[in-house]
Amino acid sequence: MPAKAQPAGKKGSKKAKAPRPSGGKKRRRRRKESYGIYIYKVLKQVHPDTGISSRAMSIMNSFVNDVFERIAAEASRLAHYNKKSTITSREVQTVVRLLLPGELAKHAVSEGTKAVTKYTTSK
């Protein structure tokens, strides 16, 4: 039996398309959340003419996640010790003083206080 001739517009398709999963809709890829845009904004505030590679951005993102997890874990422990069920800015401030060394802790506390004040006045 001779093979059917292909229409002129469809010569040698590259890949056969697999049928879509049940439901007939295309699966959407889950978004990866990161601090990339915020790291980039801070970089441009500090050094407007400097760029950052994707590898360096990945390292910075890991660093921010690590510091966030350390602060959250220690603040949770502190609240538990004091029989509190809520982590407030006071716990976070105490933890920052514990985790960060000297001058860095002072700057972090002042920036945090400034951010909380700005937030409460904007409400």
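Counting begins at 1 with the first residue displayed.
The backbone N, Cα and C atoms fix where each Cβ goes, glycine too.
Per Swiss-Prot, compositional bias 'Low complexity' is recorded for 1-10. Under the heading compositional bias 'Basic residues', Swiss-Prot lists 11-32. Annotation source Swiss-Prot lists ubiquitin cross-link at K118. Annotation comment: Swiss-Prot describes S110 as O-linked glycosylation site. Among the features that Swiss-Prot reports, region 'Disordered' is placed at 1-33.
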Are there residues of the same chain, six or more positions away from K118 (ubiquitin cross-link), whose CB falls under 8 angstroms from its CB, and which are they? none
Around the Cβ of S110 (O-linked glycosylation site), the count of other Cβ atoms that are within 10 Å: 10
